[in-house]
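Visitor: For reference, the structure I am asking about is given below.
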Amino acid sequence: MAARGGAERAAGAGDGRRGQRRHLRPGRVLAALRGPAAPGAGGARAALAAALLWATWALLLAAPAAGRPATTPPAPPPEEAASPAPPASPSPPGPDGDDAASPDNSTDVRAALRLAQAAGENSRFFVCPPPSGATVVRLAPARPCPEYGLGRNYTEGIGVIYKENIAPYTFKAIIYYKNVIVTTTWAGSTYAAITNQYTDRVPVGMGEITDLVDKKWRCLSKAEYLRSGRKVVAFDRDDDPWEAPLKPARLSAPGVRGWHTTDDVYTALGSAGLYRTGTSVNCIVEEVEARSVYPYDSFALSTGDIIYMSPFYGLREGAHREHTSYSPERFQQIEGYYKRDMATGRRLKEPVSRNFLRTQHVTVAWDWVPKRKNVCSLAKWREADEMLRDESRGNFRFTARSLSATFVSDSHTFALQNVPLSDCVIEEAEAAVERVYRERYNGTHVLSGSLETYLARGGFVVAFRPMLSNELAKLYLQELARSNGTLEGLFAAAAPKPGPRRARRPRRLRPAPGRGQRARRRRHAGGRVTTVSLAEFAALQFTHDHTRTSEHHVHRLASPWCLLQNKERALWAEAAKLNPSAAASAALDRRAAARMLGDAMAVTYCHELGEGRCSSRTRMRAPGGVCYSRRGSFFGNESEPVEGQLGEDNELLPGRELVEPCTANHKRYFRFGADYVYYENYAYVRRVPLAELEVISTFVDLNLTVLEDREFLPLEVYTRAELADTGLLDYSEIQRRNQLHELRFYDIDRVVKTDGNMAIMRGLANFFQGLGAVGQAVGTVVLGAAGAALSTVSGIASFIANPFGALATGLLVLAGLVAAFLAYRYISRLRSNPMKALYPITTRALKDDPGRNRPGEEEEEFDAAKLEQAREMIKYMSLVSAVERQEHKAKKSNKAARLLATRLTQLALRRRAPPEYQQLPMADVGGA
């Protein structure tokens, strides 16, 4: 049986060219083709000997081995037993041996690495019977490989992405108006009530603004306006008009500035029981914020007023075609108008075009500016300093790795001229591209072509500027120079105007745009670009493209791999002719023996031999002056060993046909079980462990990252502030402004005290002033006296209003009540018993007289005449007593009125006739 090594057996008579071909095998074609070899075609004698040996080997394997210990290898033949025993091969130190503590740690590491590499080696022995042709195989033909394109057209560049501009156009405006407050009051005896109050906002006339407000920083204190279809004139404080100076508002807040003439609400009070109306006129100038949204046909003020006129309406540069809802008489545009600085009150030096519009309630003034230079329907969203454009299915895909987003558009450029108010895009995008190029690509790339714009899905406009690396640009220039054959062509190609031509493969014909693409073009042909508020679809598209890119990497590997397999099939066919057993073992992934049967291959599988049933010879010299090219071995049972040779990879070959001429300095390593054995000069030297041999691997690792790791960034098309600032009116600003209005232009902390006396005095003064000079003189005297009286009354009222004065007044009232009660009792007693009331002591003495009603005396009867005289006398005496008492009090108090009354009483008594009575005898009086 032929061996698998590099030597051959001794040539027989019938070998021919087949033996020579096997002798010229040049080693291994591929490392994966290692495997057992099949015997070649030998002579008749060799074939017969091989058949006999294989029959013997089959009988030995089939015989039962029970009762025969096979643990020891079979003994060598007698001629080989006298040979010296091979020296014991040193075994490598174990991990716990003495060598582990040696200082040479590198040796231990290398040994451990070799042991780890040798752990996967196969130490089993195989016996391969010769293929008989029962199993015939053939190599599979080449397979068709999947077609994979070379890739799409990729263009590197710088991109600027634009979105719909939803932010309103804001500007400063000045409003002029007069706040007219009319208050109606009714005055009672001790109080006043407001029965009605209304407020009107009156626009300031344009002539008053230009000639008085913006020129002198003053304002008239009267207002003329229409109310209910009637012309009404209102005067501040119901007084003659005058030029009131403007003063800053009481409250200063960011973005809130205003000026006014008064902070008082005039309230007039009339006489008791009458109605009175008072008017206050407050001239107010406010700086407000104005907002206008697309299509800019109106604008709103921060006060809540909406002006139905475009902020770009004017009388020049075609601005008269802008929208307006007011009559021409209400609008006025002044060229070269000098504004006044609201903070300092000084006139500015730069003239402007000033618009004035008088509405129903306010007069609005703002600076006119051209429309196309100040508003843009698109706003810059993001800048992509590294953008890649590629073609896919007739569309362009713009991938920005810095945004983790991919935008898909048509393959045709988008004409921005069809989008209204989009002039800012080209200018702003070119400036951004130039800035990015200077900062990052100035030394490595060159710009190629001009700025291109594309309308991406979702309403995004992509401004893309292609560029080339310097190396690629040089290659293109060299190609153009070779194609032109002159230096002029090179210089012409280097000129920046035409730009370098891209050396790409012929571009495929683009498919005609579909119905959806045509619809999108018609929709954006003359209208505004509308952008979605979410950009997750761009991130999903980027994820899809990222995954497809990884898939394309696999496809690019699969297609060349298939082509490589088809090419290697020819190598397999040739390897099968050189070593069919090795080729069959590698193809079948199993140890097999094979031989070629023309264009087919006969295959038979090898069988594994148990452990301890194989031994080897120590010498490799054969009789006849030749040597064995493979070491000899014995395998099988101990009683009937089979003599053969050790082939490659522990394959046992029956027979000893592999010989070679003996050479000097012979050194060979043969695989034997789990280790190698070393022979020198055809004699056994020692056993070599696998760890002592360095490993040369022919295996190429495939380190393939199928899906690259990416971090996705959140895409926020519109910020929260932009979404909150989209409307025409900012209701929070309007509410804030309305709540601050009273604090800014009126004093809410001042208390106005109403004085009715002053109202009376003012009324009297107005009355006497209407009578002329004489009336004014008389009025001065009367008003002086009335003022003194009012002061007295006010003093008394103030005294009573004081707590101590109220207590004193209460005590006086109580004392007066007690005195009145006592006087009433005195008068009552006087009426009932005058004598007792007038002479209480005399009557008490008469009552207590002991001589009255003596026992034994009779009571005398009263004389009627005497009784009447006594009564007259008592009456006269009472009058005299009263006169004396009154005279005494008058002298004591020195009052003229009382003295006068006393004299009159005395005169009355003197004129009275003498009393008509008779003198009584003394006996009647005292009893003497």
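Using N, Cα and C of the backbone, Cβ positions are placed for all residues, glycine too.
Dumping what Swiss-Prot says about this protein:
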type: REGION; residues: 1-25; note: region 'Disordered'
type: TOPO_DOM; residues: 63-803; note: topological domain 'Virion surface'
type: REGION; residues: 67-105; note: region 'Disordered'
type: COMPBIAS; residues: 71-95; note: compositional bias 'Pro residues'
type: CARBOHYD; residues: N105; note: N-linked glycosylation site
type: DISULFID; residues: C128-C606; note: disulfide bond
type: DISULFID; residues: C145-C562; note: disulfide bond
type: CARBOHYD; residues: N153; note: N-linked glycosylation site
type: REGION; residues: 185-191; note: region 'Involved in fusion and/or binding to host membrane'
type: DISULFID; residues: C219-C283; note: disulfide bond
type: REGION; residues: 270-277; note: region 'Involved in fusion and/or binding to host membrane'
type: DISULFID; residues: C376-C424; note: disulfide bond
type: CARBOHYD; residues: N442; note: N-linked glycosylation site
type: CARBOHYD; residues: N484; note: N-linked glycosylation site
type: REGION; residues: 495-525; note: region 'Disordered'
type: COMPBIAS; residues: 499-510; note: compositional bias 'Basic residues'
type: DISULFID; residues: C627-C662; note: disulfide bond
type: CARBOHYD; residues: N637; note: N-linked glycosylation site
type: CARBOHYD; residues: N703; note: N-linked glycosylation site
type: MOTIF; residues: 876-879; note: motif 'Golgi targeting'
type: MOTIF; residues: 917-920; note: motif 'Internalization motif'
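I'm curious about the neighbourhood of these features; can you describe it?
Guide: For C606 (disulfide bond), other Cβ atoms within 10 Å of its Cβ number 20.
Annotation for C145 (disulfide bond): same-chain Cβ neighbours under 8 Å, separated by at least 6 residues, are S559, C562, L563, N566.
Under the three-state DSSP scheme, N153 (N-linked glycosylation site) falls in the coil class. Take the CB of N153 (N-linked glycosylation site) and look out to 10 A: across all protein chains shown you find 14 other CB atoms.
Residues of the region 'Involved in fusion and/or binding to host membrane' (185-191) grouped by DSSP class, helix first, strand second and coil last, total 0 helix, 3 strand, 4 coil.
Secondary structure from DSSP puts C283 (disulfide bond) in a beta strand.
Neighbour list (C424 (disulfide bond), Cβ cut-off 8 Å, at least 6 residues apart, same chain): C376, L378.
Under the DSSP three-state reduction, N442 (N-linked glycosylation site) is assigned to coil, being neither helix nor strand. Cβ neighbours within 10 Å of N442 (N-linked glycosylation site), excluding its own Cβ and spanning all shown chains: 10.
Under the three-state DSSP scheme, N484 (N-linked glycosylation site) falls in the helix class.
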Visitor: Which of these disulfide-bonded residues has the least crowded Cβ, counting other Cβ atoms within 10 Å: C128, C283, C376, C627?
Guide: C627
Visitor: Taking Cα atoms as reference points, which of the recorded positions N442, N484, C606, C627, C662 is nearest to C283 (disulfide bond)?
Guide: N442
Visitor: So how many other Cβ atoms are close to C219 (disulfide bond), meaning within 10 Å of its Cβ?
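Guide: Counting Cβ neighbours of C219 (disulfide bond) within 10 Å gives 26.
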Visitor: So how many other Cβ atoms are close to C562 (disulfide bond), meaning within 10 Å of its Cβ?
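Guide: Here the count is 16.
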Visitor: At a 10 Å cut-off from the C-beta of C662 (disulfide bond), count the other C-beta atoms across all protein chains.
Guide: 15
Visitor: So among N153, N442, C606, C627, C662, all listed as recorded positions, which is physically nearest to C219 (disulfide bond)? Use the C-alpha atoms.
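Guide: That would be N442, the closest of N153, N442, C606, C627, C662 to C219 (disulfide bond).
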Visitor: Give me the CA-CA distance between C662 (disulfide bond) and C128 (disulfide bond), in Å, as a whole number.
Guide: 28
Visitor: Provide the three-state DSSP residue tally for the region 'Involved in fusion and/or binding to host membrane' (270-277): helix first, then strand, then coil.
Guide: 0 helix, 3 strand, 5 coil
Visitor: Other than its own, how many Cβ atoms are within 10 Å of the Cβ belonging to N484 (N-linked glycosylation site)?
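Guide: Total other Cβ atoms inside 10 Å, all chains included: 13.
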Visitor: Under DSSP, the motif 'Golgi targeting' (876-879) has how many residues in helix, strand and coil?
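Guide: Going by DSSP assignments, the motif 'Golgi targeting' (876-879) contains 4 helix, 0 strand, 0 coil.
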Visitor: Given N153 (N-linked glycosylation site) and N442 (N-linked glycosylation site), what distance in Å do their CA atoms have, once rounded to a whole number?
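Guide: Just about 24 Å between their Cα atoms.
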